[in-house]
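Trainee: First the structure, which I've put down as structure tokens, then a few questions once you've had a look.
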Amino acid sequence: MRVVILGSGVVGVTSAWYLAKEGHDVTVIDRQDGPAQETSAGNAGQISPGYAAPWAAPGVPLKAIKWMFQRHAPLAIRLDGSSLQLRWMWQMLRNCDTSHYMVNKSRMVRLAEYSRDCLKDLRAATGIQYEGRQGGTLQLFRTEQQFDNAAKDIAVLDDAGVPYSLLTAEQLATVEPALAKVAHKLTGGLRLPNDETGDCKLFTERLAKMAEQAGVKFIFNRSVDKLLVEGDQIAGVLCGDDIIKADAYVVAFGAYSTALLAGLVSIPVYPLKGYSLTIPITDPASAPFSTVLDETYKIAITRFDDRIRVGGMAEIVGFNTQLAPARRETLEMVVRDLYPHGGDISQAVFWSGLRPMTPDGTPIVGRTPLKNLYLNTGHGTLGWTMACGSGQLLADIIQGRRPAIVADDLSVARYRTGFQPLNIAPLHDIHPIR
């Protein structure tokens with residue numbers, strides 16, 4: 001079968017890889033000059049199924065108001081009056097109750113755990129190298145309330161079968177030695193030993209080369225103007241003066257998927273702007289061993305081979321990708337506070353990207369009402385975490401094979417009035433880990 005994939009970020013390239021392994025004739029189209037040039041280029045580097053959770057959570061609306069007056073707030077909103085932004089924010093607000101949160105988190109953890117397993121299998125089969133580490137993740141708490149809330153909320157990890165350990169401030173240095181010097185600033189941490197890290201851009205570039213060797217064709221520097229429809233299916237992709245035809249089409253366009261699908265399939269995917277710094281390491285012993293997540297500022301600090309990646313924050317500002325100096329100050333403040341001697345911040349590379357976020361936090365993977373059109377988008381801040389599982393899942397669906405995990409509630413059909421998912425045991429009715 002001929003399959004066209006629109007988008008060459010980590011989600012598009014993993015989709016191409018798994019479809020090619022099934023024997024399909026795959027073509028990937030992207031406006032950039034190579035893979036992983038946008039959202040996949042500078043993310044925080046975490047592969048963290050245990051922390052997979054929607055931003056739409058109980059308490060977030062009130063926190064958002066409080067954050068408006070904080071210099072280093074993890075979330076910022078700039079209203080532009082567009083119907084897309086207002087509608088998406090309203091949909092997100094409707095998901096900020098406990099019942100919605102638990103359903104959404106259950107979906108996300110299910111896919112994220114599966115995706116990590118798929119990544120392990122891919123790594124074993126190909127030997128792909130991407131500065132990956134399997135050293136777990138560590139969520140850091142600065143207040144007693146954060147620590148106490150985590151102690152109450154770990155039942156969500158028990159339900160998902162995720163191993164964890166709750167550490168006191170004195171125990172943090174056993175997994176992150178450099179934190180010994182700043183333990184007095186912290187109250188403890190939650191460690192997830194099965195989580196991983198790695199350079200998403202490097203992984204995507206190298207997997208794209210492997211996919212090309214497996215027969216995948218990549219068309220770069222080509223804008224995608226329109227999906228052409230005939231009857232109940234896609235007839236081709238209009239790229240300038242050319243029409244590219246296939247038997248099946250996959251939209252993996254990230255935050256730009258919504259506009260491309262306008263008038264064909266309605267999806268609530270909106271850009272959530274994030275930032276990162278990439279810092280050269282000057283003292284390996286003073287740098288992170290794996291990765292930490294500062295719970296107060298929602299910022300991750302991740303170790304690559306000879307670099308530190310500091311990433312996080314969220315801005316609801318439309319498609320604005322301008323670099324905000326105030327956001328750089330926040331990233332620098334956090335890394336200086338926790339790892340003051342790890343790297344040369346004066347040599348840091350500052351980056352911003354647009355994560356494709358759904359209001360319920362769960363990506364959209366699977367079929368659409370158009371019989372040969374498939375979606376793999378809306379992964380938000382977890383594209384790297386969920387990419388391999390989403391790619392394998394999509395390949396199974398296109399292949400007509402039953403997926404290894406329940407997937408009906410991951411498709412766009414879940415937004416349809418009256419949608420009833422398969423019977424899945426919910427997570428405990430508890431407060432979210434935030």
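Even glycines carry a Cβ here, placed using N, Cα and C.
The FAD binding site annotation in Swiss-Prot covers 3-17.
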Trainee: Are there any residues in the same chain, six or more apart in sequence, whose C-beta is under 8 angstroms from the C-beta of V13 (FAD binding site), and if so which?
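Mentor: Expected: V28, P35, A36, T204, L207, A208, A211.
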Trainee: Which residue, of the binding-site residues I5, G7, S15, W17, has its CB surrounded by the fewest other CB atoms within 10 A?
Mentor: W17
Trainee: When the number of other CB atoms within 10 A of each residue's CB is tallied over all shown chains, which of the binding-site residues V3, V11 has the maximum?
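Mentor: Of the binding-site residues V3, V11, the most buried by Cβ count within 10 Å is V11.
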Trainee: Does DSSP give G9 (FAD binding site) helix, strand or coil?
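Mentor: SS state of G9 (FAD binding site) = coil.
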